[in-house]
């Protein structure tokens, strides 16, 4: 697909089936934009082209092509405030409908990205505008993208915007400078297995149930948002996140999210291996019965110990945790199978800072009532705290770190001033398989319902996550180096992202 074609996209896609249309739209990626002939000419002539300016240039030309097709002109209207042209959508070059994307080694003229006379702003002009966009305007553009991409994996545009982005799932690998399958540009397509018994389908079903549980029993009267689209990092254009759920956030009259200063982020984890059956021969069920009848730290430890790699690792103070489990504790009661641990050293300074920030945090445990005993009503049976905290060596910690950074930028540069501070949580959901004794229809609290196809929730562990400022800035700089390295490997004239983008701003929780 040509980013600069003057042929309306509706006409180009006319007559195509839905799968064919989806494939065509998926060609409008940041990678293909950087490989377009006119863009390569511009990058070759302007060796100092940087991000986030080039990312916003891409966004401008993308919505010049797809805005009318998707029936949303919000993004172009924001650009139009700065372009000085009557129609911000007239950025398409003269073309005959052929693709403007070519291989890196093809011969080409040195036009510097200029458009044909009378067509609209050329690439250098758009780049100059994007270089000077105020951060608040970048936030508005990025929030408009979020609104358009709600639905996440069910939304075709959501996957398009993830190209060239270090997302939450890729951030850990970027910080650790690992060469893995987490490719940033033209990534391998995500193969989603929605077979009902697959771990992915299980996780999606249970995630929706956990959102309802949190809204009913944790968030109370707070405004919650359970359908958040792609949130691009407005200041740098190389990071992006898709939140599972957030609280103290609202949707304004312009359909843009408004994060309050005391917003809350919830990252939900429902592991398939925690699922068990309500039958006598399932050893995990026997331990759950003890937990259900006598809710306490002791019965919780016994229940979790029945799971292979049971989420919580015992680590004495001054020792190095492994990367196996995403929760830690220094409470000796959890040390059921003593193992030797390596000592923390000065080389582990960032890890030490993270451990010190989180080691005194407590997790809240919610034991849920069994709907087979309560006529289908799921409520809180017991609530207590345990000395369990996040493992900063685990990839989940870095997922939350990036979510914190992106949302914090929106609070800093777009939200109205207010009291409070951004909070982050990781929520561990435990479920059991449905039994013949379970009602088909179950209610959650006073307003929520449980999907009849979903397993039965039995337990939630709510863990606060604290992120030191020094670890945020260090991680972002390392990840930006990874982005630059990946771009140099992919493109002959890549745009550049400066580490100075991450040197300012109050990032302290």
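Using the three backbone atoms N, Cα and C, a Cβ is placed for every residue, glycine included.
If you look up Swiss-Prot, you'll see 90-120 marked as region 'Disordered'.
What Swiss-Prot records for 90-104 is compositional bias 'Basic and acidic residues'.
The site 'Required for function' annotation in Swiss-Prot covers 207 (among others). Reduced to three states, the DSSP call for residue 207 (site 'Required for function') is helix.
Sequence annotations record features per position, and here Swiss-Prot assigns site 'Required for function' to 244 (among others) based on sequence analysis. Same-chain residues at least 6 positions away in sequence with a Cβ under 8 Å from that of residue 244 (site 'Required for function') are, in sequence order, 207, 211, 228, 266, 267, 268.
Feature annotation from Swiss-Prot assigns site 'Required for function' to 267 (among others); the stated evidence is sequence analysis. Secondary structure at residue 267 (site 'Required for function'), as computed by DSSP, is strand.
Within the same chain, the residues at least 6 positions away from residue 269 (site 'Required for function') whose Cβ sits under 8 Å from its Cβ are 326, 396, 426, 427, 428, 429, listed in sequence order. The feature site 'Required for function' is assigned by Swiss-Prot to 269 (among others), with sequence analysis given as support.
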Among the recorded sites 207, 267, the one whose Cβ has the most other Cβ atoms within 10 Å is 267
